[in-house]
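Marked as domain 'PurM-like N-terminal' by TrEMBL: A:40-152. Residues or ranges marked as Mg(2+) 4 binding site in TrEMBL: A:ASP42, A:SER56, A:ASP87. If you look up TrEMBL, you'll see A:ASP42, A:ASP87, A:ASP238 marked as Mg(2+) 3 binding site. Residues annotated as Mg(2+) 1 binding site in TrEMBL: A:THR57, A:ASP58, A:ASP135. Residues or ranges marked as Mg(2+) 2 binding site by TrEMBL: A:ASP58, A:ASP87. Sequence annotations record features per position, and here TrEMBL assigns substrate binding site to A:HIS65, A:GLU291, A:TRP343. Taken from TrEMBL, the feature ATP binding site applies to A:TYR117, A:GLY134, A:ASP135, A:ARG161, A:SER240. Here TrEMBL flags A:166-272 as domain 'PurM-like C-terminal'. Here TrEMBL flags A:ASP241 as Mg(2+) 5 binding site.
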2 protein chains.
Amino acid sequence: MIEDKNQSRTALEKLGEFGLIKHLTKGFELTQESTLKGIGDDAAILDFKNQKTVVSTDLLIEGVHFHLSYMPLKHLGYKSVIVNLSDIYAMNAIATQITVSLAVSNRFPLEALEEFYEGVRAACKMYGVDLIGGDTTSSTTGMLISITALGVGQEKKLVYRSGAKENDLLVVSGDLGGAYLGLQVLEREKEVFKVNPQNQPDLEPYSYIVERQLKPEARKDIVELLEKLEVSPTAMIDISDGLSSEILHLCEQSNVGCNLYEDKIPLDPTVISASEEFKIDSSMIALSGGEDYELLFTIDQKEFPKIKGNPNLTVLGHMTDKNEGAHLISRNGSKIPITAQGWNSF
Amino acid sequence: MIEDKNQSRTALEKLGEFGLIKHLTKGFELTQESTLKGIGDDAAILDFKNQKTVVSTDLLIEGVHFHLSYMPLKHLGYKSVIVNLSDIYAMNAIATQITVSLAVSNRFPLEALEEFYEGVRAACKMYGVDLIGGDTTSSTTGMLISITALGVGQEKKLVYRSGAKENDLLVVSGDLGGAYLGLQVLEREKEVFKVNPQNQPDLEPYSYIVERQLKPEARKDIVELLEKLEVSPTAMIDISDGLSSEILHLCEQSNVGCNLYEDKIPLDPTVISASEEFKIDSSMIALSGGEDYELLFTIDQKEFPKIKGNPNLTVLGHMTDKNEGAHLISRNGSKIPITAQGWNSF
């Protein structure tokens, strides 16, 4: 039997725009009580009753925010959703709906978009979020993704970046630096592959950090944990651009300073070993790496007993008077001003 | 004095991403009572109280949806907002907030983005809408814009595409075909300019249709008019892709057919004269042209006296049994099946 290698490639123009949206979004179930009307009209209709509506949006561009050479489309779909949900959780709110808009050049067959939407669907299912709208169109070059996430929260429970007070403890969820190092591993393997396409990379020793890069999770569980522990953060932000950049946001918007202790920064053993391999300082990675999507927040010192010893949370330091500035207290005790080394796409 | 021709061009990388967002969105006032928190945190916070939330999103790509060669950036900013607000009004809801995300290659100086945001600001002001969030990033090639619009409405007043009944009247606001013809004029002038850059185009005779293309308006006034006239549309959609395509959406989603009378299609005199000049049938333009952003809706026949003689509204025909299909009744009385000739980006 002669194999038709093109059998699973369907050109996008065959479906047209409406057909494409219909095709890609079929099989998405609506599970939120607040979704009155999803895809299929001029707009979606939501009912948040007496709760507040939380809205966040992000734009992801091929070649700038992601590279399809090492980012499988399903992972990309998943991660694009996660990045947005993370912003909703960073308000101490619960994400409920998303819209997903996609532009692709016609070098993408339908099957590629199906893969992308499989990832979107997996994220929607994992986080209990409804896909309620979007736009699908052609681009002149690569792929770009725009997602808007909506969520709900009670007004008095929502947490802004601006509420941190002097002496509040600075707390972070999970561990840091993995996503950045995972990217370094993938980029190295890509270079090796260019030279020798027969070479099968062994990513097994790096599986944790590669997964942190390719399939990050948003910390809905931390929002639920804080609720359960009856901890009310005074300020919160998600770590998308690196710890130092996010700390500076909290300090600036809360009008406080900060002492961050280097020896407290939570690092996974894989991050430590890969840092050594790449000859980069692991603290530097955690401070500037970005894309970990952990939650960084401040709490009143009185709340400390509630989080003490919790394996998901680490106290990194404390907030100070604004005039003291934001500093890293290094392992040898020296005080180094924190500067934003975060990611800048321009 | 030697003029520095570059004095008003500021490279984007100078400001960085946070600086850029801050710079572009300063001076945007929040006027909606429902906006509790706008730009500056991980997400915006809105309070729609007991009203329903309406959400719509659109993606606009340079070279696909717009061409900067004849679209001034300020107009582009304005139009990008209008396109989205139109979807909210098409639900018989009132638009309240937008998020605007922008990706540009670094060939765009800061001043270009300022111009774009001037257009966004003008639209926000004109329609009483708050800018509450967005993302600004670099693209590898041209410019792309993603906007999400939010609005509110009372549940029983919201109008879907699916509510049209047999014998309902089909009504349209304003007139049709102008935006498409305006584009033809602009494209012709662009070709002339290529051959003879000294040639100054005289667009004066075409000002109405050029403005329909470059600076369309969304029909918030029609939503307000229907409220004032106490008319409850049974189904509604905005005309972004051409009359025939939108009629087919209404028919399909409402499970009805339609008779559309060619001689009822409202055309501006400029549309008629420009159609003759371009040797295109003016009805064809209205049916397939798109981008007019008028509202197309159906009403119960009993409501007719309320809209009779209103200069903003035209009865185009009526809905029929689904089995009769959707037809255009031409000027000579022949019955022609309506097919979607709408715009497809792929």
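Every residue gets a Cβ built from N, Cα and C, even glycine.
A:ASP58 (Mg(2+) 1 binding site) counts 24 other C-beta atoms within 10 Å of its own C-beta, drawing on all protein chains shown. Those binding-site residues from the list A:ASP42, A:ASP58, A:SER240, A:GLU291 that have a Cβ under 8 Å from chain B Cβ atoms: A:ASP42, A:ASP58. Across the domain 'PurM-like C-terminal' (A:166-272), the prediction's mean pLDDT works out to 94. Counting other C-beta atoms within 10 Å of each candidate's C-beta, the binding-site residues A:SER56, A:SER240 are led by A:SER56.
Among the residues A:TYR117, A:GLY134, A:ASP135, A:ARG161, A:SER240 said to bind ATP, no two Cα atoms are farther apart than 32 Å.
For A:HIS65 (substrate binding site), the nearest of the binding-site residues A:ASP42, A:SER56, A:ASP87, A:TYR117, A:ASP241 in terms of C-alpha separation is A:ASP241. Cα-Cα distance from A:ASP241 (Mg(2+) 5 binding site) to A:GLY134 (ATP binding site): 26 Å (rounded to the nearest whole number). Of the listed binding-site residues, namely A:ASP42, A:ASP135, the sparsest Cβ surroundings within 10 Å are found at A:ASP135. Cα-Cα distances to A:THR57 (Mg(2+) 1 binding site) place A:ASP87 within 10 Å, out of the binding-site residues A:ASP42, A:ASP87, A:TYR117, A:ARG161, A:GLU291. Taking all protein chains in view, 27 other C-beta atoms sit within 10 angstroms of the C-beta of A:THR57 (Mg(2+) 1 binding site). In this structure, the C-alpha atom of A:SER240 (ATP binding site) lies 4 angstrom from that of A:GLU291 (substrate binding site).
According to its DSSP assignment, A:SER240 (ATP binding site) is coil. Nearest neighbour of A:TYR117 (ATP binding site) by Cα distance, taken over the binding-site residues A:ASP42, A:ASP135, A:ASP238: A:ASP135.
Assigned with DSSP, the residues of the domain 'PurM-like N-terminal' (A:40-152) fall into helix, strand and coil as follows: 35 helix, 44 strand, 34 coil.
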